[in-house]
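J.: Have a look at the structure that comes next, please.
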């Protein structure tokens, strides 16, 4: 039996998935194929390295950050069902089509520091319902519970898409010969327990005490109250770390720290935390800042940052109980 294509899968889905939403998702997938092709060329096309400027986050942009962002902006701003879009790379939102039913938010190339060393990167996207015929900035200020779809594309040894439209999580793999996303896993589930964790341990001295306590217990392994050993993984690309969790369980932490107390966290609520939280929760996992469920946060600004603790439910609940 042949695998369903992404388009065929979307035609069969029900619930929140309207034909218009399916078209938006198809366009995102098609654009990610173009990004994938650019990444494959890399040094051959002279597009590795820095673009020589910073984005709104104060981060140095890679050339492929800019290229990927442009591809998505160009494809979505003319889409008849997209009222507006927002990118992690741009200060303000981009107005799209009048009466477009959906708003699209995205991180065009997550983990771009990995580009020049040929490690995994990804595209993350979130889709919200539009609020007005002509999109306004305030229309994007919706809690993650309002998302109608979320997903990512992982550019790795094989190019894969993880997608939820509010009815579980499915994986699609890009066939390099036909350039078609094919359904390869349905009903993805995150195991409730795990022995893997992902955190940037170089920030340990800046963590709050609850996170310090939790990680110290994991590192102590069998000699601690946990009575089992844990392995640490860190890809420096949220897409890569979350994909691993969806495949075999685990917990990912980018907690609040005291290095810059004015910043609530490192990761962006709208472009990273919300879509990844929807995916993880739809697969049976959990997602929190350590104090509140991420999907229930009412955003106050487009580039709002939050702490993120996400993954296997029992581990997320345990570290939350320490706060």
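Even glycines carry a Cβ here, placed using N, Cα and C.
As annotated in Swiss-Prot:
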- 88, 107, 109: Mg(2+) 1 binding site (BINDING)
- 107, 110, 272: Mg(2+) 2 binding site (BINDING)
- 110, 111, 112, 113, 200: substrate binding site (BINDING)
J.: Compute the C-alpha separation of residue 200 (substrate binding site) from residue 110 (Mg(2+) 2 binding site), stating it in Å without decimals.
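T.: Pair distance, Cα basis, whole Å: 16 Å.
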J.: Quick one: Cα separation, residue 107 (Mg(2+) 1 binding site) versus residue 272 (Mg(2+) 2 binding site), in Å?
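T.: Cα to Cα, residue 107 (Mg(2+) 1 binding site) and residue 272 (Mg(2+) 2 binding site) are separated by 7 Å.
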J.: If you draw a 10 Å sphere around the Cβ of residue 113 (substrate binding site), how many other Cβ atoms fall inside it, taking every protein chain shown into account?
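T.: Total other Cβ atoms inside 10 Å, all chains included: 13.
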J.: Which residue, out of the binding-site residues 107, 112, 200, 272, shows the minimum number of other Cβ atoms inside 10 Å of its Cβ in this structure?
T.: 200
J.: Taking the recorded Mg(2+) 1 site as 88, 107, 109, identify the other residues of that chain whose CB atom sits within 8 Å of the mean position of the site's CB atoms, giving them in sequence order.
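T.: Not counting the recorded site residues, we get 65, 68, 69, 87, 89, 106, 108, 110, 112, 123, 124, 271, 272.
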J.: Rounded to a whole angstrom, what is the C-alpha distance between residue 109 (Mg(2+) 1 binding site) and residue 272 (Mg(2+) 2 binding site)?
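T.: Cα of residue 109 (Mg(2+) 1 binding site) to Cα of residue 272 (Mg(2+) 2 binding site) measures 11 Å after rounding.
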J.: How big is the Cα-to-Cα gap, in Å, between residue 88 (Mg(2+) 1 binding site) and residue 113 (substrate binding site)?
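T.: So the alpha carbons of residue 88 (Mg(2+) 1 binding site) and residue 113 (substrate binding site) sit roughly 15 Å from each other.
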J.: Does residue 110 (Mg(2+) 2 binding site) have same-chain partners at least 6 apart in sequence with Cβ under 8 Å from its own Cβ, and which are they?
T.: 121, 122, 123, 124, 152, 237, 238, 239, 272
J.: Near residue 111 (substrate binding site), how many other Cβ atoms are within 10 Å of its Cβ?
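T.: So the number of other Cβ atoms within 10 Å of residue 111 (substrate binding site) is 21.
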J.: Would you count the other CB atoms within 10 A of the CB of residue 109 (Mg(2+) 1 binding site), including those on all shown protein chains?
T.: 29
